[in-house]
Amino acid sequence: MSKRRVVVGMSGGVDSSVTAWLLKEQGYDVVGLFMKNWEDDDDGEYCSTRQDWIDVVSVADLIGIDVEAVNFAAEYKDRVFAEFLREYSAGRTPNPDVLCNAEIKFKAFLDHAMSLDAEMIATGHYARVRERDGRFELLKAFDHTKDQSYFLHRLNQAQLSKTMFPLGEIPKTKVREIAAQIGLPNAKKKDSTGICFIGERPFRDFLNRYLPTKPGPMKTPDGKVVGEHIGLAFYTFGQRKGIGLGGSKDGNGDPWFVAAKDIASNTLYVVQGHDHPWLLSRELVAGNVSWVAGEPPADGFACGAKTRYRQADAACVFGGAATGAAAAGPAGEARFSLAFDDAQWAVTPGQSAVLYDGEICLGGGIIESAATGQPGQATSAGHAPALAEAR
C-alpha cells in the first residue's frame, strides 16, 4: 500500500522544517516545496531567499525527503503586491500576509502540489483544522500566543479540506526543542517578522520605491497645523513613531498619534494621548468578506473579533444584511458591521476584522470604516471625523 503524499511548504525556517519532520515520522510520503515569490532585489541586503533555499536543502537532506523550488513571483506581484500598493495609495493599511495566504500559499501552492499527485498540503502555521459533520472548521492553535488563524481567515472549505497544520497542537517552545533534538541545521534560526515574502527591511524606504511622496499638512482636530507629512500612504492609524513631532512645542506634552486621513485635502490628522476619542471606536464596517463555512453568522450573533494580529478577542455583536450594514457595496460586495462592548483602539481601514466563536475562526472582512468615540463621527481611509472647526 502506497503512502499518502503530503507536500509541505518549506521556507527555510524552524516551523516548516519541524512540520516536514513530523509528517515524515508519521509515515507520510513527504515532498518539500520552496516558494520563491519575490525577485525585485535578489541581491539586496534584505533578501534572504538564497540562504533560505540553502537551509531548506540542508533540512531535506537531514530528514530524508525530496525538495524542489517553484517560482510564484509573477502570481505574487499580480495577486498580492499590486493590491498592496493600491490599498496604500488609497490611504489604507493592508495586511499582505492575509492575501498572500489566500492567493499564493493556499491557491497557487495548493494547485502545484496537486499536480505532484499530493493528497494534502501542510505548512508550519499555528492553527488547526477540524472536520465535523462533513464540514471543515478553522480553529485557533493550542498555543494562543502563536495562533495564526487571523492570517488564515480567508481560506475556504476546498482549501481547508486539503490542508494540514501539524504544529496546531504543539507549543512553540516544544517545536524549538524538537528542532534541537533532531539536529536541524536551522534550529536556532530566528522567526521571520517581515512582510510576507519581502523580508525585514525599513518599511518606509521600501514603500517609497513604489509610491511617490506627496507632502501635505499635519493638523490637530481643531484645524491647527503642527507639521508636514511626506505622504498619507506612509502613515497608519495609531502610529506614534516616525511622525516627526517628538520635539514639537505644540500641545500638552503627551505623545502624538496618527488619528485620521483626509485624501481630498491631503491632510493627516494627529492627536495627543493614547486614549484620545478620535482613536477609540465602538463600531466598524467591513467589506470584501470571506466566511470559512461559506456563509455569514446570523444577524445579531454575539462573537469575538480581532481587528489586528495578537489582539485579544473583543466581545461584539455581528450585524448582517438585516441591519443594512451588509448591503451590497459599490462593487456589489457584501458588508457587515460589528458593534463592540468596549471601545477598540486605532481600528485601521485596510486591516482585517476576523470573527471567532470561541476557538472557531468564522472568517471576516477588510475594515472600511470605524465610528469614533465621539457620537455621530466616523473615520475611514478617505475622510477624517467631523472637525471641531466645522461644527
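In case you wondered, yes, glycine gets a Cβ from its N, Cα and C as well.
Residue density at D15 (ATP binding site): 24 other Cβ atoms are found within 10 A of its Cβ, drawing on all protein chains shown. Secondary structure from DSSP puts D15 (ATP binding site) in a helix. Look at Swiss-Prot and you will find G9, M10, S11, G12, G13, V14, D15, S16, M35, G124 tagged as ATP binding site.
Annotation source Swiss-Prot lists disulfide bond at C100-C196. C100 (disulfide bond) carries a helical DSSP state (H, G or I).
There are 26 other CB atoms within 10 A of the CB of C100 (disulfide bond), with all protein chains counted. What Swiss-Prot lists as active site, nucleophile is C100.
In the three-state DSSP scheme, H125 (site 'Interaction with tRNA') falls into the coil class. Taken from Swiss-Prot, the feature site 'Interaction with tRNA' covers H125 (among others).
According to Swiss-Prot, the active site, cysteine persulfide intermediate annotation covers C196, on the basis of sequence analysis.
The site 'Interaction with tRNA' feature in Swiss-Prot is assigned to Q351 (among others). According to DSSP, Q351 (site 'Interaction with tRNA') is assigned to a strand segment.
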By a simple count of other Cβ atoms within 10 Å, which of S11, Q351, the recorded positions in the record, is least packed?
S11
Can you grab the distance from G9 (ATP binding site) over to C100 (disulfide bond)? Cα atoms, rounded to a whole Å.
13
Can you tell me which of the recorded positions C100, H125, Q351 is spatially closest to M35 (ATP binding site)? Compare CA atoms only.
C100
Rounded to a whole angstrom, what is the C-alpha distance between G13 (ATP binding site) and H125 (site 'Interaction with tRNA')?
11
Widest Cα span across the ATP binders G9, M10, S11, G12, G13, V14, D15, S16, M35, G124, in Å?
16
Quick one: of G9, G13, which of the binding-site residues has the smallest count of other CB atoms within 10 A?
G13
